[in-house]
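So that you can see what the record holds, here are the features copied from Swiss-Prot:
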- 1-22: signal peptide (SIGNAL)
- 23: pyrrolidone carboxylic acid (MOD_RES)
- 29-50: disulfide bond (DISULFID)
- 35-55: disulfide bond (DISULFID)
- 39-57: disulfide bond (DISULFID)
- 48-55: region 'Interaction with Ca(2+)-activated K(+) channels' (REGION)
- 49: site 'Basic residue of the functional dyad' (SITE)
- 58: site 'Aromatic residue of the functional dyad' (SITE)
């Protein structure tokens, strides 16, 4: 029963912490497709989206 509570606590902590590995850039944007080339150039991934007029890249 102790192990179950430890695993539950670890799951809660991991879900609270931002584990998405998203990285904000200083590049401004108006649409997510503008971020794809920026993310490819800066972080070697083409997965990105425009959030609050800034590109966010996901690895």
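Each Cβ is built from the backbone N, Cα and C atoms, and glycine gets one as well.
Here the features listed in Swiss-Prot are painted onto the structure.
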residue: 23; record: pyrrolidone carboxylic acid; Cβ contacts under 8 Å, 6 or more apart: 43, 56, 57, 58, 59
residue: 29; record: disulfide bond; Cβ contacts under 8 Å, 6 or more apart: 35, 38, 50, 53, 54, 55
residue: 39; record: disulfide bond; Cβ contacts under 8 Å, 6 or more apart: 25, 45, 46, 47, 48, 55, 57, 58
residue: 49; record: site 'Basic residue of the functional dyad'; Cβ contacts under 8 Å, 6 or more apart: 32, 35, 55, 56, 58
Original post:
Relative to the Cβ position of residue 55 (disulfide bond), how many further Cβ atoms are located within 10 Å?
Top reply: 24
Subject >> Secondary structure content, the region 'Interaction with Ca(2+)-activated K(+) channels' (48-55) (per DSSP, counts of residues) >> reply: 0 helix, 6 strand, 2 coil
Subject >> Within the predicted model, mean pLDDT of the region 'Interaction with Ca(2+)-activated K(+) channels' (48-55) >> reply: 93
**OP:** Around the Cβ of residue 57 (disulfide bond), how many other Cβ atoms lie within 10 Å? Please give the count over every shown protein chain.
**Re:** 24
Original post:
What number of additional C-beta atoms lies within 10 angstroms of the C-beta atom of residue 58 (site 'Aromatic residue of the functional dyad')?
Top reply: 14
Original post:
So how many other Cβ atoms are close to residue 50 (disulfide bond), meaning within 10 Å of its Cβ?
Top reply: 18
